[in-house]
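Trainee: Can you keep this structure in mind? I'll have questions shortly.
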Protein chains: 2
Amino acid sequence: MPPLDEFGLIRAWTEGRQTKELLGAAGVTLGIGDDAAIVAGESSQEWLFAMDTMVEEVHFRKETMSESDVGFKALAANISDIAAMGGIPKLALVSVSVPPHWTATRMKQLFDGLYSCANRYGVAVIGGDTTSAPNQLVVSITVVGNVEAGKAIRRDGAKPGQIVFMTGPTGLSAGGLHGLLKSAAEASHTTFKLPPIPSRLVQAHQRPSPSVKAGRMLLENGWGASLNDVSDGVASEAWEIAEASQVKLVLHEKLLPISGELASYAHDNGIQPLEWVLYGGEDYVLLGTADKQHEQAMKEHFRAEGIPLFIIGEVEAGIPEVAMETVGGINKPIPKRGYNHFSKG
Amino acid sequence: MPPLDEFGLIRAWTEGRQTKELLGAAGVTLGIGDDAAIVAGESSQEWLFAMDTMVEEVHFRKETMSESDVGFKALAANISDIAAMGGIPKLALVSVSVPPHWTATRMKQLFDGLYSCANRYGVAVIGGDTTSAPNQLVVSITVVGNVEAGKAIRRDGAKPGQIVFMTGPTGLSAGGLHGLLKSAAEASHTTFKLPPIPSRLVQAHQRPSPSVKAGRMLLENGWGASLNDVSDGVASEAWEIAEASQVKLVLHEKLLPISGELASYAHDNGIQPLEWVLYGGEDYVLLGTADKQHEQAMKEHFRAEGIPLFIIGEVEAGIPEVAMETVGGINKPIPKRGYNHFSKG
């Protein structure tokens, strides 16, 4: 399937297929379309459900991730969806479809990484499935979390006048992937020692940290009005909020955080870092909107907790879109395009 | 990965990886190892979680299943795991990894089948993931159900003196698959019209019915002491109960139900039907044990509901194993082997 319009396809496959009565009887508060679904639990809590799949040769290769990285990141990406609702991750189910070249030893290493992530975030792995596969490894994970009833931070809560914030710099994962692919390509036809890829970029790609703590702070203090995790890139996530909330998001080029390591690595490789900052995916920081009145308190609390917080723009009324005010003062639209692992590799 | 010892591998990958404290904090009552995990919900209810994956060329081929069959069966197999705990299926998350030859039209048909199953069983599809895949379609589904707290029918409840029962005949799905593969192979080098494959066998393979109603009857009346769904074959499921419960299951050849269509199709093809009855998988009837005192009431209620019920053996004390008393009065061990879709095709 060409990676054309995933959301359009999902809509075509799923929209209007089930009655409101059926969904209500199952306790569904929010179904397909956000980072996680919301289901009524005990009266004071709701359940969150998210599912995310990683496929060999699509999301990772031997050259870009170790076995244990694959396990860690597959779960981290799922936990990130719970973080993006302000929830607490609790449970995971893991399905692996295993081709012949993934030996029992390699699979053990994959689960080492997966459990390292699970235990770090207090997630109980409670089930799953194991099948064989003809060619590529597929890891599919469902994560279940919970959240105070009615408090989950959805992507449809952005309102004109709000600030747009981000809980960390982006583009690092894409920079790390670029370096890993370049090293692999060059290693095969050179005996010179390559300059090392900054380890922070490699770490960002291979062992991302889902922003559970940041999500909880945004929820517990009532600050987060809308929220996404940056899995498909800043542009794509901002577009999702703009469309779900029916507003315009204006980002300011000069406010977008670019880490020193990223700027320097991009410069050395003749690449414009903004490309990675806006369109690189898998950084798993949170991007959201909040009422302007909370700005000061948010900054203080995030600083006190040692979590980065960047105010990068504001919400305006208007046809749903995302625009950027450049350093030169020009207002230009940001296309909706997302992240594609190996297309630019 | 060779289909050697799936359970051994899963144990090697997962056992002892998480503390009791972590699992308790997440509300986990029963983790990996049964048809579904059990998680504490509201005080009167617990949640059940199960996950099941279907891979093209491993579980189905173009010749054996239509697109819509794939969607229907992928969900049905998951619902069956909830039925095998006596639970009520409620929610599903669906992840599809889509290779180029699965066009948007074919995927739409897959979801037609999936929603047909979801709506028949009152299951709300609340999320999932869509990725591309290089070669084969992979469909991974998580189903969430619920059950009265403490009442789920696990596989470790079999006790000596109990009867072994089954809620329908088995082997039909394997017979149907045999016919479909044979037709496909012969169609390419013959112009003769082939005798039709009995539609009940084809239906059993392509559109299986999970035994939700039977599972609920067994739970609500307190009859089911141990329970599995027959996804990997009678032998394999009986072995799971024997090992989990530390008992011996003795099945009687003369009591094993063999449908007329299956017997006749097997005879025409020179095949011993018992092979399919014991080792064919994916029939999705329930196999379990119950106290002998319930036998009469079970028979009456199942008859009244129009659901088959066969008493096929009894539970004995002893080293965990499964044996069969043949029609000739010989007691022979039944090997633990399970079901492999295309190995005998």
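Positions of Cβ are set from backbone N, Cα and C atoms, glycine also.
A TrEMBL annotation is a machine prediction, not a hand-curated record.
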Trainee: Quick check on the annotation: TrEMBL has A:ASP35, A:ASP81 binding Mg(2+) 3, so which of A:ASP112, A:ASP129, A:ASP156, A:ASP229 does it put in that site too?
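Mentor: Record source TrEMBL; matching candidate: A:ASP229.
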Trainee: Where TrEMBL shows A:HIS59, A:TYR339 binding substrate, which of A:GLU261, A:GLU275, A:GLU282 is named for the same site?
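Mentor: The record-listed residue among the candidates is A:GLU282.
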Trainee: Would you please pick out, from the binding-site residues A:ASP35, A:ASP52, A:ASP81, A:ASP129, A:ASP232, the one with the fewest other Cβ atoms within 10 Å of its Cβ?
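Mentor: Output over binding-site residues A:ASP35, A:ASP52, A:ASP81, A:ASP129, A:ASP232: least Cβ neighbours within 10 Å is A:ASP232.
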Trainee: Quick one: of A:ASP52, A:ASP81, A:GLY128, A:GLU282, A:TYR339, which binding-site residues lie within 10 angstroms of A:ASP232 (Mg(2+) 5 binding site), measuring between C-alpha atoms? Sequence order, please.
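Mentor: Correct set: A:GLU282, A:TYR339.
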Trainee: How many whole Å apart are the CA atoms of A:HIS59 (substrate binding site) and A:GLY128 (ATP binding site)?
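Mentor: With the alpha carbons as reference points, the distance is 21 Å.
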Trainee: Binding-site residues A:ASP35, A:ASP52, A:ASP81, A:GLU282, A:TYR339: which have a Cα within 10 Å of A:ARG155 (ATP binding site)?
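Mentor: Checking each Cα against A:ARG155 (ATP binding site), the hits are A:ASP35.
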Trainee: Report, in sequence order, every one of the binding-site residues (A:HIS59, A:GLY128, A:ASP129, A:TYR339) having a CB within less than 8 angstroms of a CB belonging to chain B; if no such residue exists, report 'none'.
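Mentor: It is A:HIS59, A:GLY128, A:ASP129, listed by sequence.
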Trainee: Express the distance between the Cα positions of A:ASP35 (Mg(2+) 4 binding site) and A:ASP52 (Mg(2+) 2 binding site) as a whole number of Å.
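Mentor: Here the two Cα atoms are 10 Å apart.
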Trainee: Of the binding-site residues A:ASP52, A:ASP81, A:GLY128, A:SER231, which one sits closest to A:TYR339 (substrate binding site) when you measure Cα to Cα?
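Mentor: Checking each of A:ASP52, A:ASP81, A:GLY128, A:SER231 against A:TYR339 (substrate binding site), the shortest Cα distance is to A:SER231.
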Trainee: Quick check for you: of the binding-site residues A:ASP52, A:GLY128, A:SER231, which have their Cα within 10 Å of the Cα of A:ASP81 (Mg(2+) 4 binding site)?
Mentor: A:ASP52, A:SER231
